[in-house]
């Protein structure tokens, strides 16, 4: 039996990954992390979606220690989430240091226990957000370290790594879940479901990708299929 664990926030990217994983694996587990995040409403959204889509199990892990150690606008109400600045340089204040290091490591430990062969994460380098822990080289390096530390190869899969946001919408549509991802996921840094606040970087990236996809579905769908190998 093929098993996988999805790092699942209930947002656009991880929900699209879950939808695809359910087609590719016999048994899919979801892991969601409570780190005292500003957009904590995502945890309830993740619960609802994991149940609705048919995940075998859904674990919510308490990692609130991360909140104490990692200062970010997503872990401190006193630090405002900035409006979208497409030309901004450097690492944005929404970056949570160590988040993906911790999430992927804990997901791999869970995968070890349930005998899953893969951990799936929705990180993406194409629409680079300025987060160093979304880079392909980081994921590959951590995957190697985790496999060495467990004496077991658990594969880290990044199905969205080389597709952009418009193509991510196309992927959801390919599996017949465009409306679900659009209306029932939570991507917004301010914790608003669906189209979100419309001002933060996450909302703008999501909206721009959707508009691009809806404006030229055939071209974007073809590009997504070419990059992912889907027929």
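Including glycine, each Cβ sits where the backbone N, Cα and C put it.
These come from Swiss-Prot:
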- 8, 9, 10, 11, 12, 13, 14, 15, 16, 17, 18: ATP binding site (BINDING)
- 188, 197, 200, 203: Zn(2+) binding site (BINDING)
Legend entry - Secondary-structure category, per DSSP, in which residue 200 (Zn(2+) binding site) falls: strand
Legend entry - Shell of the ATP site beyond 8, 9, 10, 11, 12, 13, 14, 15, 16, 17, 18, same chain only (C-beta within 8 angstroms of their C-beta centre): 6, 46, 49, 122, 185
Inset, instruction - Please tell me which one of the binding-site residues listed here (8, 12, 16, 18) sits closest to residue 197 (Zn(2+) binding site), measuring Cα to Cα? - result: 12
Legend entry - Nearest recorded site to residue 8 (ATP binding site) by CA-CA distance, among binding-site residues 188, 200, 203: 188
Inset, instruction - Ten-angstrom check, please: count other Cβ atoms within 10 Å of the Cβ of residue 18 (ATP binding site), all chains counted. - result: 25
Legend entry - Closest of 10, 12, 14, 16, 18 to residue 203 (Zn(2+) binding site), Cα positions, binding-site residues only: 12
Inset, instruction - Please work out the number of neighbouring Cβ atoms within 10 Å of the Cβ of residue 203 (Zn(2+) binding site), leaving out its own Cβ. - result: 21
Legend entry - Three-class DSSP secondary structure - residue 16 (ATP binding site): helix
Legend entry - Listed in sequence order, residues with CB under 8 A of residue 10 (ATP binding site) and six or more positions away: 32, 42, 43, 44, 45, 46, 47, 48, 49, 185, 186
Legend entry - Around the Cβ of residue 14 (ATP binding site), the count of other Cβ atoms that are within 10 Å: 26
Inset, instruction - May I ask which residues of the same chain, at least 6 positions away in sequence, place their Cβ under 8 angstroms from the Cβ of residue 12 (ATP binding site)? - result: 168, 169, 172, 181, 185, 187, 206
Legend entry - residue 16 (ATP binding site) versus residue 200 (Zn(2+) binding site) - Cα distance in angstrom: 21
Inset, instruction - Give me the Cα-Cα distance between residue 188 (Zn(2+) binding site) and residue 18 (ATP binding site), rounded to a whole Å. - result: 19
